[in-house]
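K.L.:
Annotations for this protein, taken from TrEMBL, read as follows:
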- 24-42: transmembrane segment (TRANSMEM)
- 62-84: transmembrane segment (TRANSMEM)
- 117-135: transmembrane segment (TRANSMEM)
- 162-184: transmembrane segment (TRANSMEM)
- 204-222: transmembrane segment (TRANSMEM)
- 234-254: transmembrane segment (TRANSMEM)
- 290-307: transmembrane segment (TRANSMEM)
- 319-342: transmembrane segment (TRANSMEM)
- 400-419: transmembrane segment (TRANSMEM)
- 446-464: transmembrane segment (TRANSMEM)
- 470-494: transmembrane segment (TRANSMEM)
Amino acid sequence: MILANKAGHYFETLATFLLYNMKWFSIGLVSLVVAFLIYLMVSRYGHIRLSENDNDKPEFSFWAWISMLFSGGMGIGLVFWSVAEPMWHYADNPFTEGLTDESASMSMQLTFYHWGLHPWSLFVIVALALSYFSYRKGLPFTFRSILYPIVGERIYGPIGHIADIITVAVTAFGIAQTLSLGVIQINSGLQQTFGIDISLTTQTILIVTLCTIAVGSVLSGVGRGIRLLSQWNMLLSLLLVLIVLAIGPTRYIFNIFFESTGNYLQNIVQMGLWTDTQKDTNWQSSWTSFYWPWWMTWAPFVGMFIARISKGRTIRELIGGALIAPTAIAFLWLSVFGGSALKIEQDERNAFEQNNVAAQVSNSEQVIKQDVFIGGTVLKATKEDSTRALFTLFNNLDEGLLGTILSILACILLATYFITSADSGTLVLCILDAAGDTEPPKSIRVLWGVAIAVISWVLIYAGGLQAIKFASIIIGFPISIFILMMGVTLFYSIRREPKPWAMLPQHVRPGKDQLDEPIKHTNTIN
């Protein structure tokens, strides 16, 4: 515990320094990556197939592919924050007065920003670079290959080894951190639903059980275990969404979905480049400036997993599928659960204000003594413990059997998302450890599965999650340099790809002296 406290102090000092002095860099970089990917998707480079053979087809169907990349990317974190984050922004944000209708709208817009195009762009740029250099250029399926345009054959020496070692460390750290958070929330859900104590013993049993299942899944391979679990996650997620839509404030949910999406798209450039220059409040350091390095620590793991399941797709398909589709799914999920919580808060605030009016009519002095509205049941639960936010929402939607069923389904969903993240993360670590072999030996898979379980348990046991959060900011900075380098090497390489007309049959290609003239097919075909 002493070491954890010391580590926390050192991490906090360095993280605070980076947040204060380098905030502009991370915010600007992530927005630049979004713009770069959209450009590639709509440009002539979008047709490039991520395979040495332009006739290759994708390994997985679109549904299976979307299910796997979403489950491996954000699943467990999105379940955790879908209610808690809108509640925090509803209570306090730098743009509106807290606990108002305006802050409710702004809270969803800000949550969309933190879970939309920007974080997914970090995953996609890594996936695209790895897929291009490995599948298109035939280089090893490791991060050293991204450096090939800069250092050439030296990627097979110390430079390449260092790049892969750093990636392994960051990947293991990012996975264990999020899995620890997931176990804590599962334990919270079990406590609220079944009265099971929140304890290290319970959390240890959860880690051992779930990681054992994850190892079994990764042993069965991507085509079976991970694919089937991911599709199960999507179906169970859809079931939860449909139930909450049916018993919750349906009209309000759809209204806030479209309204928040419109606000997000209308203000995406302004939000993406906002650095709070004048006031420099703690809000951005606690949220955006923390989220971006956090996502960067996940980028090597998620990006490599997306690359592993994306062979045979074009650049346009990869960006469109892995950037646009998951963002839309995330927005719908946040609107259903976050929107339901906001409607409950709105109703409780209105009831509070009506009681004040009634008190004013009966006794004017009572109004003076009346407390101000400080939040409803969901917000209060969130402030006490963010892991309780989702389950408190379910209890508010239905205090009977259906609310209990929703909590049970949420615990199952958290568990399966945990397993999916653990097995996909284990697979990525195994591939890196096996020097790019996409089908690593089973012994390595078991070893890394056990290692992730141990690291997750140590984090919970030491109570060092706060120190780890600060460490995310620190580790995220060098990863951001690596991501910038990926963009440069990728763009340099794809610009050297053959022009579109080079794909035409020889007899209809323009000659060098015809490139600036319209292509005439009539005579050449005859």
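Yeah, the Cβs are placed from backbone N, Cα and C, and that goes for glycine too.
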K.L.:
Determine which recorded stretch among 24-42, 117-135, 162-184 has the most C-beta pairs below 8 angstroms with the transmembrane segment (290-307).
P.N.:
117-135
K.L.:
Could you tell me what the rest of the chain brings near the transmembrane segment (62-84), counting residues at least six beyond its ends with Cβ under 8 Å?
P.N.:
111, 115, 119-120, 123, 178-179, 181-182, 185, 222, 226-227, 229-231, 233-234, 237, 298, 302, 305-306, 309-310, 321-322, 325-326, 329-330, 333-334, 337-338, 341, 378, 382, 386-387, 389-390, 392-393, 410, 413-414, 417-418, 420-421, 424-425
K.L.:
Counting Cβ pairs closer than 8 Å, which of 24-42, 117-135, 204-222, 319-342, 400-419 has the most of them with the transmembrane segment (470-494)?
P.N.:
117-135
K.L.:
Relative to the transmembrane segment (117-135), which of 24-42, 162-184, 400-419, 446-464 accounts for the most Cβ pairs at distances under 8 Å?
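P.N.:
Of the candidates 24-42, 162-184, 400-419, 446-464, 24-42 scores highest.
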K.L.:
Counting only residues 6+ away from its ends, which parts of the chain sit with a Cβ under 8 Å from the transmembrane segment (400-419)?
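P.N.:
Sequence-distant neighbours of the transmembrane segment (400-419): 71, 75-76, 79-80, 179, 182-183, 185-186, 189-190, 192-193, 206, 210, 213-214, 217, 229, 232-233, 236-237, 239-240, 243-244, 247, 390-391, 394.
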K.L.:
Out of 162-184, 319-342, 446-464, which stretch touches the transmembrane segment (24-42) the most, going by CB pairs under 8 Å?
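P.N.:
The stretch with the most close Cβ contacts to the transmembrane segment (24-42) is 319-342.
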